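All remarks here apply to the structure that follows.
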Amino acid sequence: MGLLEFIKDYFLGFWDYETPKVMVVKNKKLGVIYRGVQFLVITYFIWYVFISQKAYQDSETRPESSVYTKMKGTALQGDHILDMVEYVRPSEGGDVISTILRREVTHNQRQGTCAEHFTVPSANCSKDADCTSREVNFDGNGQRTGRCVPYYNQAFKTCEIQTWCPIEDYAKSVVVAFREPALAEAINFTVYIKNAIHFPKFKVLRGNIKPNKRNGQKYLNKCHYNEKEHPYCPIFRLGYIAEQAREKFSELCRTGGVIGVFINWKCDLDLDPSECTPTYSFRRLDLRKNLPSSGYNFRFAKYYSKDGEEFRTLIKAFGIRLDVIVHGHAGRFSIIPTIINTVTAMTSVGICSIICDWIMLTFIDKNDIYSDRKFDDDSKVPSPGQLLTVPTEFTISYGSNHSDLSEGVAL
């Protein structure tokens with residue numbers, strides 16, 4: 001066949017019209033497969049797509065949200081009473097709030113010159129030439145003066161630096177820094193988390209506190225969150241949060257940690273608005289498997305003057321940081337996704353016929369009996385005059401597109 005003839009046949013065949021032909025095959029195995037696949041497809045769309053995923057709804061997954069937090073509680077530290085001003089950071093609240101559980105305090109630091117800590121790279125020296133003046137080592141504690149001085153009362157020397165002296169690492173080694181005991185009472189501190197969420201597509205605004213003009217404040221003053229009894233009381237004990245995150249509170253006091261508070265809104269707006277309530281979950285966010293950087297700590301200082309000279313108290317604080325993360329999903333009935341998914345479901349049922357046709361023509365049709373009946377080409381059909389002179393085994397009527405192979409075909 002030449003190239004021109006091939007192109008001609010392809011061009012002419014492109015304009016042919018194909019129409020499906022219904023053929024009844026009475027084969028029990030094939031029928032069971034056909035109905036079984038139909039059942040699976042229909043079950044998938046009814047149970048998973050429409051009931052579980054609610055494909056008949058228009059949805060919104062990026063709501064607008066605001067979070068306000070406040071912590072309460074008092075603790076006794078020696079002879080001092082600590083309140084939320086002492087241990088809560090930041091004091092104004094937000095979607096991130098931390099509480100101090102343990103502190104390491106370095107007292108009476110002042111601006112001056114002192115020996116760099118010996119663990120700092122290139123800090124050890126034997127003469128002044130080993131120390132470059134005005135050099136700043138970002139792994140160190142200050143700016144070098146160019147002098148090599150004895151490391152406090154030790155025999156070796158390190159480069160002298162200008163900084164707040166004594167440096168924190170040295171203060172720890174000589175017990176100048178004071179390590180306060182952990183706040184055991186902090187396990188009963190409470191965190192109030194107020195959350196409002198807005199779904200702009202549906203113009204719906206919801207909050208995690210039930211509106212109650214009469215006794216709302218009294219109710220919040222005496223309740224703690226419980227999923228069944230107090231779902232509208234977003235007040236959580238730190239001990240409860242640590243327990244839900246599967247963490248030991250004593251370990252958190254020692255090293256600190258970051259815990260995520262996840263507020264999940266899943267609202268079906270076809271139901272009563274009271275059904276749109278949040279659920280809460282808690283999970284440790286920072287890595288803690290024997291890593292030097294595990295836990296959570298930060299530093300801050302308190303400044304004061306003494307005899308006209310400025311001093312500071314450096315505090316390294318270990319505590320729990322709470323990151324409040326809000327997720328939202330809302331859905332409401334809409335005719336457009338309903339029509340789209342219904343049509344998709346109906347057309348997907350056609351997969352059953354494709355699968356069964358492949359099985360029939362590949363594994364059952366050994367003698368090409370089914371393929372001869374399934375695929376007809378009107379160009380190969382004899383003319384009415386030829387039908388009178390040429391004997392045939394089957395008489396096929398083309399006035400109907402329905403064939404029944406229940407008789408005369410070996411299965």
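Just so it is clear, glycine is given a Cβ too, placed from its N, Cα and C backbone atoms.
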Cys165: disulphide-linked cysteine among Cys114, Cys223, Cys233, Cys253 [source: TrEMBL]: Cys114
Per TrEMBL, cysteine bonded by disulfide to Cys267 (from Cys253, Cys276): Cys276
Cys125: disulphide-linked cysteine among Cys148, Cys223 [source: TrEMBL]: Cys148
Selected from Cys131, Cys223: TrEMBL disulphide partner of Cys159: Cys131
Lys316 (ATP binding site): tally of other CB atoms within 10 A of its CB: 17
Cα-proximity to Asn297 (ATP binding site), 10 Å cut-off, over disulfide-bonded residues Cys125, Cys131, Cys148, Cys223, Cys267, Cys276: none
Euclidean distance between Cα atoms of Cys276 (disulfide bond) and Phe298 (ATP binding site), Å: 38
C-beta crowding around Cys165 (disulfide bond), within 10 angstroms: 18
Rounded Cα-Cα span from Asn188 (N-linked glycosylation site) to Lys72 (ATP binding site), Å: 9
Lys70 (ATP binding site) and Asn188 (N-linked glycosylation site), Cα-Cα, nearest whole angstrom: 14
Fewest Cβ neighbours within 10 Å, where candidates are the recorded positions Asn188, Thr190, Asn297: Asn188
